[in-house]
Amino acid sequence: MAEISRIQYEMEYTEGISQRMRVPEKLKVAPPNADLEQEFQDGVPNASVIMQVPERIVVTGNNEDISFSRPADLDLIQSTPFKPLALKTPPRVLTLSERPLDFLDLERPLPTPQSEESRAVGRLKRERSMSENAVRQNGQLVRNDSIVTPSPPQARVCPPHMLPEDGANLSSARGILSLIQSSTRRAYQQILDVLDENRRPVLRGGSAAATSNPHHDNVRYGISNLDAAIEGASDDMTVVDAASLRRQIIKLNRRLQLLEEENKERAKREMVMYSITVAFWLLNSWLWFRR
């Protein structure tokens with residue numbers, strides 16, 4: 001009802017202005033003075049200026065003058081329709097209570113080009129080392145058929161020593177993997193030292209020639225193959241560690257949100273309890289003073 005009355009009032013107000021409003025014929029700057037006005041009219045005839053409202057206002061001559069032609073941009077602006085813009089009020093409070101961290105997903109992450117490339121590189125390294133190992137073993141078999149070499153003594157390998165910093169890194173998968181790599185490299189170096197000491201020259205055709213030990217080569221190629229396999233496994237472990245870290249971050253975030261909500265509820269309960277306690281003591285004090 002109020003809206004209808006307001007609209008009716010606005011219509012009547014607009015209609016009244018349109019009917020009663022008049023343009024004045026003269027505009028006076030100073031307050032009226034009879035003597036001054038009489039002198040001014042006697043000295044200067046037709047001193048007053050009649051005010052007229054033009055029917056239209058033309059911009060730059062309306063192409064009548066070449067030097068002051070109508071700009072084409074004005075016609076383009078007037079002919080181009082403008083679409084109304086709709087604005088939406090942003091929310092006052094932004095919370096994560098509905099679905100926290102939508103950009104983190106508990107599902108298995110999609111394989112990225114970097115992870116796929118690292119896996120492909122590890123796979124190529126393993127295949128290359130296996131093929132080289134097979135080719136060299138075949139060459140060693142042919143060489144053993146043509147060359148007679150004495151059987152080397154049994155190499156005695158010392159167990160790899162563990163450094164004190166290796167024991168501190170056993171709490172994570174990366175530490176265990178680094179421990180395996182370091183122990184493998186130390187064992188490989190010890191085997192090479194022992195085999196270099198036991199290598200002897202072999203006589204062939206009256207000349208002394210130092211030939212490579214097939215057992216030594218087999219051990220070298222086997223350990224290189226193991227190193228390549230461990231490198232490929234480290235790439236896979238990196239991808240698995242990233243996925244597990246993401247899951248742990250999501251769990252920690254949710255747990256933190258639950259703790260924050262519990263703290264807020266506990267603060268509200270404490271405020272209510274404090275208010276009740278203070279009111280109780282004030283009431284008791286007032287009753288005691290009245291007695």
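Numbering starts at 1 and runs along the chain as it is shown here.
Placement of Cβ uses the backbone N, Cα and C atoms for every residue, glycine included.
Copied over from Swiss-Prot:
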TOPO_DOM  1-271  topological domain 'Cytoplasmic'
MOD_RES   Thr89  phosphothreonine
REGION    106-134  region 'Disordered'
MOD_RES   Ser129  phosphoserine
MOD_RES   Ser131  phosphoserine
MOD_RES   Ser146  phosphoserine
MOD_RES   Thr149  phosphothreonine
MOD_RES   Ser151  phosphoserine
MOD_RES   Ser178  phosphoserine
MOD_RES   Ser182  phosphoserine
COILED    240-271  coiled coil
MOD_RES   Ser244  phosphoserine
TRANSMEM  272-289  transmembrane segment
Cα-Cα, Ser131 (phosphoserine) versus Ser182 (phosphoserine), nearest Å, comes out at 25
Tell me the Cβ neighbour count for Ser178 (phosphoserine), meaning other Cβ atoms within 10 Å of its Cβ, over all protein chains shown.
17
Ser182 (phosphoserine) to Ser244 (phosphoserine) - Cα separation in whole Å
25
Taking every protein chain in this structure into account, which of the modified residues Thr89, Ser129, Ser131, Ser182 has the most other Cβ atoms within 10 Å of its Cβ?
Ser129
Please work out the number of neighbouring Cβ atoms within 10 Å of the Cβ of Ser244 (phosphoserine), leaving out its own Cβ.
11
Whole-Å Cα distance, Thr89 (phosphothreonine) to Ser129 (phosphoserine), is 64
In whole Å, note down how far the CA of Ser178 (phosphoserine) lies from the CA of Ser244 (phosphoserine).
19
